[in-house]
Amino acid sequence: MGLCASKDSRESTHDGGPRVNRPGANDANRRNDVRKGAGDKKQDKKNKKAKGSIVNAASNINNSSSGKTKISTVSEDGTVSNGVGNTAEYDNANNKNNGNNNNSNNNDNNNNNNNNIGNNINGNNNNDSENIHDSNNSNIENKRYFNNINTGVLNGVNGNSTNSDKALSNQFDQSNNSETHSGTMTGISQALALNDSGVNGFDTDLAKRNGTVNASGGQSPGGSETVNALKVLLLGSGESGKSTVLQQLKILHQNGFSREELLEYKPFIFDNIIETGKDLAKARRTFNVQLEEDAEISESDLDELLSQQYQPTKLPCLPADLAKTLKILWNLQSTQDLLVSEHRSSFYLMDSASYFYENLDRISEPKYIPTITDVIRTRKKTSGIFDTMIDLDKNLKLHFFDVGGQRSERKKWIHCFDNVTLIIFCVSLSEYDQTLLEDNSQNRLEESLILFDSVVNSRWFARSSVVLFLNKIDIFAEKLRHVPLEKYFPDYTGGKDINKAAKYILWRFVQLNRANLNIYPHVTQATDTSNIKLVFAAIKETILENSLKDSGVL
């Protein structure tokens, strides 16, 4: 179920990004293939074999011998859209067209999609249309770039008025029910689900091959099938969004957070806010930013902020005087100017800083209880290994292992490496201009590339599939306007085009796949529950497809 690119196409030249294949083909045929005779099944299996697949973001595509591809994409209303299309390759460095794969229809679509980003990572042959587009030709100004999801919850890149964080927070806080996203994702489950017999058959077969059902394939005394969990590793460098993904799955599949669990995050939220204030004060000193004459705080206030050793775990609430100082500091024009200055890449500030400071009045209230969105936005360093069992449905259980991403934590991963079915590797797209906290001489994105290289080419993962989350696309889109990607990666030539930039980074990771593992890339925003719901619906389809292939059905 993957966009299966040959090794030659993956290593070709690029215009701001890698070569990939355009999606096409009718997904309904895949469902019908299951019902074909034995002879047809064998022929289908031959036509669909491919190594080193790069699987399209929210859809899963396979090359056939004829150069066509199969795709099932999710449309805006939550249904699966089908179609047949030619395999497309990326343009080369001179933006030359590949005439064999271009036709007038493709050119029309490419012209319409020139500024589109959707849930599919695709390459177009038109020299002006290197982009990541969705199946509905959504415009980047009006639609979120990574999904075909209703804009009732999600904002456009250029600042639509809807506040998605507030909307999600209100929905979850009022109902604690992940299914009520103002109609968002309606029909996704139905669209992506097979009939009961297909799902049951798949899960039994997959579980048997992985030793996850009893030897006879029997059922538990209660009549339900005994299915253990498939092992899934959440890997990636520090602050790439691994733990946030796990939090979203808890919201979607474990009824969210109890009041007690929400309260456990208070000290971490307080710590995030206080440390952000200290980071800002340090940055102002480093770059000699003077306070305004009419500022309501003084340098001595900043001295006190930097010298105080706060213990968030012992704070029942955020002290009023501290909250006032932090709010004034954040709202200073000189501070806001610093955040968009040429110095921004030279100092650390957590991704959710603006979110917490915009909500500082609420958070500093004496009876403050964190919201779901507060929890998702919280930076909480993972130390050691944490495991969580997630039921994607009644017959598919995933055992997630979340491990620390900092260098000091990586040596602990070895204990999780046996019998791994799936690796979810998280990359923060927005970290291209940042350095490691533990080594300020090492670029974070380069570090992620090194780590990804060691993972995909490790003998431990020779039989594993890799899901690549290109995360924090929202922050990446905003940062790209002000911080040139080519400043840190000189071989990138796509300028401020977010489509080319995202594909370039994907290309850098794909080039490291010497072991020819199947790679399934997804453009994600881990803080967005609806986005993660869609992505994991696609991942469920990926597991299903792989199971059917392994069993010889496809």
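Each residue, glycine too, has its Cβ placed from N, Cα and C.
What Swiss-Prot lists as region 'Disordered' is 1-139 (among others).
The S-palmitoyl cysteine feature in Swiss-Prot is assigned to CYS4.
Annotated compositional bias 'Polar residues' per Swiss-Prot: 67-85, in sequence order.
Annotated region 'Disordered' per Swiss-Prot: 157-183 (among others), in sequence order.
Residues or ranges marked as domain 'G-alpha' in Swiss-Prot: 228-554.
The feature GTP binding site is assigned by Swiss-Prot to GLU239, SER240, GLY241, LYS242, SER243, THR244, ASP351, ILE376, THR382, GLY405, ASN471, LYS472, ASP474, ALA526, with similarity to another entry given as support. A sphere of 10 angstroms centred on the C-beta of GLU239 (GTP binding site) encloses 26 other C-beta atoms.
Here Swiss-Prot flags SER243, THR382 as Mg(2+) binding site, drawing on similarity to another entry. Cβ neighbours within 10 Å of SER243 (GTP binding site), excluding its own Cβ and spanning all shown chains: 23.
Taken from Swiss-Prot, the feature region 'G3 motif' covers 398-407, and the record attributes it to sequence analysis.
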Using a Cβ-Cβ cut-off under 8 angstroms and a sequence gap of six or more, which residues of the chain neighbour GLY241 (GTP binding site)? CYS426, SER428, PHE469, ASN471, LYS472, THR524, ALA526, THR527
Give me the mean pLDDT over the domain 'G-alpha' (228-554), rounded to a whole number. 91
Sparsest Cβ surroundings (other CB atoms within 10 Å) among the binding-site residues THR382, ASN471: THR382
Would you identify which of the binding-site residues ASP351, ASP474 has the most other C-beta atoms lying within 10 angstroms of its C-beta? ASP474
For GLU239 (GTP binding site), the three-state class that DSSP assigns: coil
